Amino acid sequence: MPAKEVAALIALAAIWGGSFMFMRVATPEFGIFALVEVRTVLATLVLLPVLWWRRQAADIRRFFWPIVAIGAINTAIPFALFNFASLHLEAGVNAILNATAPMFGALVAYIWLQEKLSRVAVLGLVLGFVGVAIISEQKLQGGELSALPILAACAATACYGWAACIMKRFLHGVKPLAVAAGSQAVASVLLLPLAVATWPQVSPSGYAWLNAIGLAVGGTGIAYLLYFHLIGAVGPSKAITVAYLVPLFGLFWGLVLLNESVSAQALVGGLCILTGVAMTTGLTRLFARRGFAPGK
C-alpha cells in the first residue's frame, strides 16, 4: 500500500476512533436522539455538495427504497444505540465492541444470503463472541452496570452487518457516496420527531456542541469521504483493515483525553474480538498468502 494511502488509513482510524470519544462527551448533554439528529443533518450538509459536484445524485432516486432501509438500519438505529451505550461504557470499550460488525456481517450473510463459512471463519465467530463475553463479564462483575449497554452496542454492530448484506444484495454497483449521503439524509428525517420530542431543555454547552460537530463533520462526513477514497485507491479488502485500527485509537483517545482506564481483561477481550474478526473475514489467509508489503 503506498505511503499516502497508509497515512489516509491511519487518519481515518484516528477519526473514527475519536467518534466514540465525541459520543461519550456529547450524549449526556444532547440526549440520544438529539445528538443523532445533529450528527446526521451536519453530515448530510457535508456529503450532499460533494455528491452533486460529482453528479452522482441520480443513484438516490433510482435506488430510493433500499437507501431508505440503509438510512434506518445502518445509520438511525445504530447511531442511537451507540449513543445509549456511550452513557454507560467507556469510549475504548465501545470502540472495541464496534469491531464486531464484520462478524455479524458474515453471520447474516450465512443465514440470509447462504454464503459459506469456512471452519476458520466459524472458529473466528466463536472467538469473537468469547471476547464480547470477557468484556461483558468484566463490566458486570460487582454490579457495575446492567448488560443493556453492551447488548445495545452489539445490536448496533449487528445492524451494520445486516446493512452490509442489504447493500450487497440490493445496492451492488451503486456509488457509495450516494448511499452515504442518502442514508444520512433519510436518518435525519426518520429521527426528527424523536429528536424534537427529546430535545434538551437546557441548551448544551459549547464543549458539547464542539464534540457534536466533530462527530458529525469529522467522524461521519469527512470520514466517509476518506473511506471512499481508500476504496477507490487500494480496493475494499485493504480499506476494510481500518476496522482493526479503530479500537486502538478509541482506547488511545479515551485514555489521553478522557482519563479513562482500560483493564487487562478488556484488552484480552478486545484481542479475542480482533483475532476473531480477522479469522471470520479471511484476513488471516490474506496475510498468509500475500502479506501487505508496500505497493501491494
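Cβ coordinates are placed from backbone N, Cα and C, and glycine is handled just like the others.
Automated prediction, rather than curation, is the source of TrEMBL annotations.
Noted in TrEMBL for the protein shown:
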DOMAIN    6-136  domain 'EamA'
DOMAIN    149-281  domain 'EamA'
TRANSMEM  7-26  transmembrane segment
TRANSMEM  32-51  transmembrane segment
TRANSMEM  63-85  transmembrane segment
TRANSMEM  91-113  transmembrane segment
TRANSMEM  120-136  transmembrane segment
TRANSMEM  148-165  transmembrane segment
TRANSMEM  177-196  transmembrane segment
TRANSMEM  208-227  transmembrane segment
TRANSMEM  239-258  transmembrane segment
TRANSMEM  264-288  transmembrane segment
* To do: Mind checking which residues of the chain, 6+ beyond the ends of the transmembrane segment (177-196), have their Cβ under 8 Å from one of its Cβ atoms?
  => 33-34, 36-37, 40-41, 43-44, 47-48, 50-51, 54, 56-57, 59-60, 63-64, 67-68, 70-72, 74-76, 79-80, 167, 171, 220, 224-225, 228
* Tally the residues of the domain 'EamA' (6-136) by DSSP class, grouping H, G and I as helix, E and B as strand, and everything else as coil. => 113 helix, 0 strand, 18 coil
